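So the structure is just underneath, and the comments pick up after that.
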Amino acid sequence: MSQDSKPTKSAAGAIAEPSNFLRQIIDHDLASGAFAQRTNLAGEAIPSIITRFPPEPNGYLHIGHAKSICLNFGLAADYNNQSGGARCNMRLDDTNPVKEDVEYADSILDAVKWLGFDWGTHLYHASDYFDRLYEFAEILIQNSKAYVDSQSADDIHTNRGNFGQVGKNSPYRERTPDENLQLFREMRDGKFKDGEHVLRLKIDMAHPNIVMRDPVVYRIRHTDHHRTGSKWCIYPLYDFTHCISDALENVSHSICTLEFENNRPLYDWIVNSLKELGVFKDPVPHQYEFARLNLTYTITSKRKLLQLVEEQHVEGWDDPRMPTIVGIRRRGYTPESIRLFCERIGVSKADSWIDMSTLDQALRDDLEARAPRATAVLKPLKLVVENFDAAHSEACSAPRHPHHPEWGNREFNFTKELWIEADDFMQEPVKGFFRLYPPIGDQPGSRVRLRHGFVVECTDFETDAKGNITQVNVNYFPDSKSGTPGSNNYKVKGNIHWISAAEAIPAEVRLYDHLFTDPHPDSGDKNFLDTINPHSKETIKAYLEPCMKDVKPEDRFQFERHGYFVADQNDSAPGKPVFNRTVGLKDSWK
């Protein structure tokens, strides 16, 4: 897709089928029998196609991860019914004890489940393989494919060279396998300080791909691990762990984002070296890359998201303005809408920007058919029906959903004092304004229909000492009630919503906008903090119709004429509703 693109539509109006080059690869592999009749190391039959989702538990998942989750679990689900079957493994890549935490690990699993995916019995941790990874490292050492380097981290970095200069061999590169093995075991046994030695693969310091210049694969870290405790003081790095974990889990298609494209030769080198040494057998896994998700008005850098939280630009990881899964869930996006969004944007190898409106439209399309309707007055203005008896009330009703009559009706009363939206009245109406305005000269005030109620005519209005409008007065027409024969005698252009002041339920409503004013806050040399939107959250006191009194957290509604709202996951309670605006009825982002 082009910059800030949206899925295209066909002439018939249907959204075009998104591209997915990975399906073509898998189809080819299935047709060729590349992964047919596979068995694991124990000789047990396994599916032909195995994908995996392997996040590091060092932060909360975000919308970009959702794309990868939907891709990997979605491919497995789609191919599971074909010959040979398929599955997706869930793996936590927990090899860095310094940055990882149980809180993050639990949140990751909760996010994947919330999105609607199930890994069954196939939940793995990279830390499960620490013993095997160490064993394989020793095998590489014994076969002169790895060595212990005693240079400082700065010297290792300097001697790697750069794109225009080849690297320099470490003075320790020609240590014998026995020397390396002894040092590596002493590293394991805790005899050295952090950073005193590392284990490097012995590849080629003149390789044009800097990743292949004897990469570091083990380092000393005297830090307890959240799962293995103090058992280990050396830990494998991602590039070493990732491919071996894939091979141990019999992954067929290891799918990651484009930033790992330069790491693929290293992935292949490690797996193929261990295959040559008899550790693995064909077919070994292969890595494929796809373009990461770039969503307008959004950042997905873990470091920058952490900065937003720590510097209190937002109210935590689950702030509804955050692109984290916990944030967009609290905002009111549904699992179905996220999956629909990921399906629509497709998968490609070319970086592009996806317009935020694509995500919002996916939510509208999901909730249009299944969100109950409700009335909410967000910016209340009192409306007094002068010719209506204050001691009287008139029963009214409205469908819970216009296309689901089986859901029944909402019941409420028409009374003398009502709440309407302040925007539905203008003292001096502009051209094309068909809602309430007072008499002008010899012309009577405007007439509007109060939805599911009566037609009223504006007679006058009242203001406070500062000139602020505090009350609008109207007369109603008793024979104009909606649903009665007389209602057809009144032709009005304006149709507004209302709530009886006697029945209105007070509520806190939070109106969210983009967190950033720039559609590309993380691009170029700009400071993303300079683009923070100071008006990204507005908290207002609103009124809801009486049926909303006992809503539960995460109940979703379409507030008619406003948009889709959700009862806040944390703060809303029966009798004290708090709602978040998820998205408006129409795309209003500029």
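Placement of Cβ uses the backbone N, Cα and C atoms for every residue, glycine included.
Binding of ATP is annotated in Swiss-Prot for Glu56, Pro57, Asn58, His62, Ile63, Gly64, His65, Ala66, Lys67, Ser68, Arg292, Leu293; the matching candidate from Thr39, Thr95, Thr257 at the same site is Thr257. Long-range neighbours of the motif ''KMSKS' region' (299-303) within the same chain, counting only residues 6 or more positions beyond its ends whose Cβ lies under 8 Å from a Cβ of the stretch, are 58-59, 62-64, 292-293, 323, 516, 521-522, 528. Same-chain neighbours of the motif ''HIGH' region' (55-65): 92-96, 99-102, 104-105, 107-108, 111-112, 238, 257, 292-293, 295, 298, 300, 302, 305-306, 317, 322-328, 338, 359, counting only residues six or more beyond its ends whose CB sits under 8 Å from a CB of the stretch. Ile63 (ATP binding site) sits 22 Å from Tyr238 (L-glutamine binding site), taking the Cα positions as reference.
In this structure, the binding-site residues under consideration are Glu56, Asp93, and the one with the smallest number of other Cβ atoms within 10 Å of its Cβ is Glu56. Taking every pair among Glu56, Pro57, Asn58, His62, Ile63, Gly64, His65, Ala66, Lys67, Ser68, Thr257, Arg292, Leu293, the residues listed as contacting ATP, the largest Cα to Cα separation comes to 20 Å.
Taking the Cβ of His65 (ATP binding site) as reference, residues of its chain lying under 8 Å away and at least six apart in sequence are, in sequence order, Pro55, Ala111, Ile325. Taking DSSP states H, G and I as helix and E and B as strand, the motif ''HIGH' region' (55-65) has 3 helix, 1 strand, 7 coil.
Following the DSSP three-state reduction, the secondary structure of Asp93 (L-glutamine binding site) is coil.
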